[in-house]
Amino acid sequence: MVGWKKKKLCRGHHLWVLGCYMLLAVVSLRLSLRFKCDVDSLDLESRDFQSQHCRDMLYNNLKLPAKRSINCSGITRGDQEAVVQALLDNLEVKKKRPPLTDTYYLNITRDCERFKAQRKFIQFPLSKEELDFPIAYSMVVHEKIENFERLLRAVYAPQNIYCVHVDVKSPETFKEAVKAIISCFPNVFMASKLVPVVYASWSRVQADLNCMEDLLQSSVSWKYLLNTCGTDFPIKTNAEMVLALKMLKGKNSMESEVPSESKKNRWKYHYEVTDTLYPTSKMKDPPPDNLPMFTGNAYFVASRAFVQHVLDNPKSQRLVEWVKDTYSPDEHLWATLQRAPWMPGSVPSHPKYHISDMTAVARLVKWQYHEGDVSMGAPYAPCSGIHRRAICIYGAGDLYWILQNHHLLANKFDPRVDDNVLQCLEEYLRHKAIYGTEL
């Protein structure tokens, strides 16, 4: 009788344990269904994309963490201890990673899916607002393949369209590596016409014009065109760019100011091009159509209608032809067209509408001769990196200031000078793209 009772109790215990296991299984199943998130098939239409759990999984798959020895959260907030540590870290040669080579990209792009996954490209639109507002890019490059790939990754979105112009003079392995990278994306292509780019000559403008023609012929209904070079990097997410471009309401944004007397000499004489650009004693005729000349820089944020008029409007084409033999025409062609009354999105030539590079959103640059004590009226503090052609190549100490500005991109970055600032910027932008919040 006692034995039978023990068996009954034992059987009851087993049933209780079995019931607990079944309950746990049901709860686990429900939780797994609730938190099911197939990152590989995640897209904008998926309900899962809106869940915090899926956002976390997506971020874990796509995050671009900087090396552990630097505190990017502190650097982006301007914490001086974190900045000093990053600058000291940058001085240690043994910690510097050699840049990825042309051969690396030629090998990894043999499997495009592996390349995009390993290099962590975002492969679907992150919002409907971004999907409905595609952006076009003209990317002019000539060296440093890793710089190009990291820039492309930072600005890449599948709804956008990207034209890449490679300098004809670039090494063949570099050109092949660029082709290999862009072959992995249906919305990235090589410009149909490539030119040899000579510093400060017309060829820099021609590279952008070639991309403009190709981009207008694409099937993507892009709204704005941004032009970039290999030392640029975005300081806004794609979503932030879309918002900023919408706020322009069809206007363009680029530097356009009255030229100094020294800059007027850039179009006073005819220039010749060999391997370099040199002036002649031949005086040029005045600008066509009595246009007042303005000066700016090579970078612009231009509406599609503006781009169309650059290529098709007879008055625009007369100015284009006139500036071809000037010095650094990219620094006065766009600035002058931005003040031409027939150009869509332009502004009047009146002094009230002069726009500095700090006011325009196209590009954030620190010029050496403007750096100084901000409390004494300087526009910005000294560069924490180094200078090249009087332009700051940013260091980690510049990042907090960079992120306080309204520009879409900044120039110049070079991982050989300071890779910490780029790593932190990549980590910051990727976190903000996925979560919409800062680090």
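Cβ coordinates are placed from backbone N, Cα and C, and glycine is handled just like the others.
Swiss-Prot lists 1-11 with the feature topological domain 'Cytoplasmic'.
Feature annotation from Swiss-Prot assigns transmembrane segment to 12-29.
The topological domain 'Lumenal' (30-439) scores a mean pLDDT of 95 in the predicted structure. Residues or ranges marked as topological domain 'Lumenal' in Swiss-Prot (evidence: sequence analysis): 30-439.
Taken from Swiss-Prot, the feature N-linked glycosylation site applies to N71 (among others). Sequence-distant contacts (6 or more apart, same chain, Cβ under 8 Å) of N71 (N-linked glycosylation site) comprise D79, A82, Q85, A86.
Annotated disulfide bond per Swiss-Prot: C72-C229 (among others), in sequence order. Applying an 8 A CB threshold to same-chain residues 6+ apart, the list for C72 (disulfide bond) reads A66, Q423, C424, E427, Y428, L439. According to DSSP, C72 (disulfide bond) sits within a helical segment.
The N-linked glycosylation site feature in Swiss-Prot is assigned to N107 (among others); the stated evidence is sequence analysis. Cβ-based neighbour count (10 Å, all protein chains) for N107 (N-linked glycosylation site) stands at 13.
Secondary structure at C383 (disulfide bond), as computed by DSSP, is coil. A C-beta separation below 8 Å, combined with a sequence spacing of at least six in one chain, links C383 (disulfide bond) to K366, Q368, E371, C392, I393, Y394, G395, D398. Per Swiss-Prot, disulfide bond is recorded for C163-C383 (among others).
Positions annotated as disulfide bond by Swiss-Prot: C184-C211 (among others). In sequence order, S138, M139, V140, C163, V164, H165, A191, N227 are the residues near C211 (disulfide bond), counting only same-chain partners six or more apart with C-beta under 8 A. DSSP assigns C211 (disulfide bond) to a helical segment in the three-state reduction.
Summarising the annotation, Swiss-Prot assigns disulfide bond to C392-C424 (among others). In this structure, C392 (disulfide bond) is part of a beta strand by DSSP.
Under a cutoff of 8 A between CB atoms, and with a sequence separation of 6+ in the same chain, the neighbours of C184 (disulfide bond) are T109, C112, F115, K116. The 10 Å shell around the Cβ of C163 (disulfide bond) contains 26 further Cβ atoms across the protein chains shown. Spacing of C229 (disulfide bond) relative to N107 (N-linked glycosylation site) is 25 Å (Cα to Cα, whole number). Neighbours of C392 (disulfide bond), defined as other CB atoms within 10 A of its CB across all chains, total 24. Of all Cβ atoms in the shown protein chains, 23 besides its own fall within 10 Å of the Cβ of C229 (disulfide bond).
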